[in-house]
Amino acid sequence: SLSLYLSIYLLLLLGLMMDIDFNEYKLRCELRGHDDDVRGICVCTDEHIATSSRDRTIRVWSLGSDDKRKYSASKILLGHTSFVGPLASIPPSEEYPEGRLVSGSMDTSVLVWNLVNGEVVQSLKGHKMQVTGVTLDDEDIVSSSVDQTLRRWRNGQLVESWEAHQSPVQAVLKLPSGELISGSSDTTLKLWKGKTSLRTFTGHADTVRGLAVMPDLGFLSASHDGSIRLWALSGEVLLEMVGHTSIVYSVDAHASGLIVSGSEDRHAKIWKDGVCVQSLEHPGCVWDAKFLESGDIVTACSDGVARVWTVRDGMIADQMEIDAFDSLISQYKLSRKKVGGMKLDELPGIDALTLPGTSDGQTKVVREGDNGVAYAWNMSEQRWDKIGEVVDGPDGVGDRPILDGAQYDFVFDVDIGDGEPIRKLPYNRSENPYDAADKWLLKENLPVAYRQQIVDFILQNSGQKDFTFNPSFRDPFTGANAYVPEQASHIAATPAKPLYKHIPKRGVLVFDVAQYEGILKKMTEFNNTLRSDPVNTDKSMTESEVARVGAIVKILKDTSHYHATNFTDMDIALLLNVIQAWPAAMMFPATDLVRMLVLHPHGASLLFKHVENNNDLLLDVIKKVTEDSALPANLLTTVRVLVNLFKNPSFHHWLQRHHSQILDAFSNCYSSPNKNLQLAYSTLLLNYAVLLIEKKDEEGQAQVLSAALQIAEEEAADVDSKFRSLVAIGSLMLEGLVKKIAIDFEVESIAKSAKASKEAKIIEIGTDIDLLIRQP
């Protein structure tokens, strides 16, 4: 067919383009300065490179005047409030002689920077969730977002917006032919002329994450399915490049025909004619990779360093720098190596075997060179018998060991002696260890007498020393639960399920403690101030109204009689009038009383009537407290009111209907230095997660997930705030509709970070999320 001939011709053309011999890339220099992952790269020119980071900054690097191999930081751009991702360069003009830079962020904004002074010249706000891509279309800027839209900006203004996919849009690119191409978590790519979709490209098995132009041929896509594809605009796949062992985040092409890709597997791979010709190993995930015009490559790594690689002899780094980098890789691999869930460098040495065991079959793993080796105590012989070498435990999806084509958390080498070959014992943390031992002994045709020894070995070396038997597990062959010594056997017909400690969250949280005397004292003080002010005296309460506030407090304090006490409509109207009429700096004590009022059944029902009659009443209060001069006390008390509204089902519909306005209004609370406000905001998100899971509201769940991830990413976040945000994330992934979106948000790195915490409950919820990620 004509299309087949066209594909063959294009592939031949690709081969003709690559008439140069391939030389291996070597380290040229390192760009150090970011405090966290380097997420994005923009090559402005070969002399100027911009990098974005999880540390919320953008750094501009300029070629050194003394050593032409190296770059130094010339500017630091500060303005985003969350991690920065995609970048695009606008060429110099008369008004902007050094050009401009466009950046997108987790904070939902797109910023345009003047590279002369590093100041923001345009702030483009409209996306509701993380900005994932930016590209230039003549004078316009086009941005993509997890909110599923593409938006076009012209002269600082939004000119059009459209829903491009039914899932998050992860990338957008302007093609030389004039069209736009978008990639999405729905696994497809779409070709756009304006807002009109011309073609949908299918073929990837997972999220499409990165896009790049392939000169004279078409375009490239990088995917979470581990592959890179070269597409013709007609929709045909010209090449598929497979070699990465995990998510591929980025791809770029050079005029020479070379292609570079960056992956979660810690490698930047260089491709020629569809074949990987070199892999550049890094001490962390490679988020982005770009070619300089010269053919040199820039990579962005999760260790906070960008690196430049070259094939030009005169540009290669000094041998001392290369040796230092090689040493860094070795140290990283050693520090990450785990055996049985334990870090290799934390294992005891072989001299630990000089101490006798305490029980027959007791296992111990010791370090022998760069390996962990398991031993079992032989009580009758009073010696340690070698069981075998323990294979590396899990260190992320790409590093999980594989046996018979399946991935496991652990694959142990077991040496049963007597000249028998080494046996492989696979195990997942979600399995019952007795169940795993039974299946393995049956498969290997080994005596049942080994059973308890194998179970003890699994528990010891998978970090489950405190394992508690769960009756929901069943034997795969008999249908009954595994026998546990000194415990009765049970029958259970349900399949084994992973055990989570903190998810899903059931029910909502409230703030139900109040300092009533302090509230009354402050309201009286403010009322006296208003009464003595000729301008505001009409806003003050009368003596009878002050007395009525005292009566309200008396009812609220008597919690044991909530079922039998009532308020009047005038009580509710009085408090609402104070909140609406008093100056913003004086309203928080009354707001705090309303917080407690909504926990009283009758008080909540009366407040709901006022909200029903004036649907904008609470929204007006929210607007008042979140204006430019927002006071922490007002933000705190108002967020706590909203948290407590979840306790009463009457407010659920209102809370769901206005979730977007509410979350947008308080979105900056996650980074507040006020720990109480952080906690209130994270509790609001957790309650919203519970409600929107129940309502099966996917759009709402996605917005809550995005906000909770911001807290989880925040290094300075209070421990309790971070914990509640992680519980919200885990609950949304487990019982909501946004697990795939969470994985696209790199929730795995958040889980890893949580597991490395010093706080026990953060470690536990991080483990819950990590286990959940691994479930199909």
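Heads up, residue numbers simply count up from 1 along the chain you see.
For all residues, glycine too, the Cβ spot is worked out from N, Cα and C.
The signal peptide annotation in TrEMBL covers 1-22.
Helix, strand and coil counts from DSSP across the repeat 'WD' (31-71) read 0 helix, 24 strand, 17 coil. Residues or ranges marked as repeat 'WD' in TrEMBL: 31-71 (among others).
For 101-123 (among others), the entry in TrEMBL reads repeat 'WD'. DSSP places the residues of the repeat 'WD' (101-123) in helix, strand and coil in these numbers: 0 helix, 16 strand, 7 coil.
Residues or ranges marked as repeat 'WD' by TrEMBL: 124-153 (among others). Long-range contacts of the repeat 'WD' (124-153) within its own chain (CB-CB distance under 8 A, at least 6 residues past either end) are made by residues 85-88, 90, 102-106, 108-112, 159-174, 180, 182, 184, 192, 211, 660, 664, 702-703, 706, 741, 744-745.
If you look up TrEMBL, you'll see 162-202 (among others) marked as repeat 'WD'. Across the repeat 'WD' (162-202), the prediction's mean pLDDT works out to 95.
A Cβ distance under 8 Å defines the sequence-distant neighbours of the repeat 'WD' (201-231), meaning residues of its chain 6+ beyond its ends; these are 10, 13-14, 17, 133, 170-173, 175-176, 181, 183-185, 187-191, 237-242, 244-253, 255, 259, 261-263, 271, 274, 740, 743-744. What TrEMBL lists as repeat 'WD' is 201-231 (among others).
Taken from TrEMBL, the feature repeat 'WD' applies to 241-272 (among others).
As annotated by TrEMBL, domain 'PFU' applies to 376-472.
The annotation domain 'PUL' is assigned in TrEMBL to 501-772.
With a threshold of 8 Å between CB atoms, the same-chain residues lying at least 6 positions outside the repeat 'WD' (241-272) that come near it are 14, 17-18, 20, 22, 25, 209-215, 220-224, 226-230, 278-291, 295, 297, 299-300, 309, 396-398.
Nonlocal intrachain contacts for the repeat 'WD' (101-123), taken as residues 6+ away from its ends with a CB within less than 8 angstroms of a stretch CB, comprise 42, 44, 48, 50, 52, 56, 58, 60, 75-77, 79-90, 129-134, 136, 141, 143, 145, 153, 156, 667, 706, 709-710, 713. Each residue in the repeat 'WD' (241-272) gets a DSSP state, and the totals come to 0 helix, 19 strand, 13 coil.
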